[in-house]
């Protein structure tokens, strides 16, 4: 009898262990199912946000094309599309879009020029960058060294310029890599270039851009602020000092300049010898030629941000040249 009780006790223990194991498995399955359901729902939310934000970008391009027809070749900071964000309707979400004219910049892709299908260092652009650094209170030689390093990173040859670096310098590090051998698509790529530190990029980023055409970017005279005076002076090949450029910006007509010729006809330029012409005036414009679009969507507790860089083409045409998902920070 005692042996029978022991068998029953052992059987009960086995049953309890089995029940506990099954319960644990059931909880695990339920937890996994819940987690998988949440992941699927989260993925669906992200997908909806992704396509919604791209749709908002397309709507923004249409808006740019429409406003370009209202006052052709003239963009002012007081215009509705530049002065305030836009809110776009979307089911269960809030989409906010804001434009910013970022035409006042030095195009880092100018550090190289195309010569018979090969990229080579553009010495005048390197020198002009050194002048820009000097206008901002820095060392012009240091600026030229940075420009040469960027040119070496993008050019087609393997010969390093003064202060520059080619493959041999980059392949000897702890995490070896090679130079790009092509123009950059985004300013963040400069972090891979010798000398272009995070601290340096933080200070210079507001006055730099990476135009895909690789040509001299035209700065919008109608949206310049006092902080852009060094960029204007640089675009004018140092023909006027930074202080003079600041005054010209502050004294801009309320309705802006209708043409570049109206600006270059100002008294301050009358006695320049040689006069402003050619390459210099080609760097100026009265419209936004490079535009940053920041779009933010809030949907089901998820925030999704897209920064689009838009170049103006001929007529009223615009094209997206780069996209960055997520916040800068």
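Backbone N, Cα and C atoms are what each Cβ position is placed from, and that goes for glycine too.
When pLDDT values are averaged over the domain 'T2SS protein K first SAM-like' (104-211), the model yields 91. If you look up TrEMBL, you'll see 104-211 marked as domain 'T2SS protein K first SAM-like'.
Under the heading domain 'T2SS protein K second SAM-like', TrEMBL lists 219-277.
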DSSP tally for the domain 'T2SS protein K first SAM-like' (104-211), helix/strand/coil in that order, comes to 52 helix, 12 strand, 44 coil
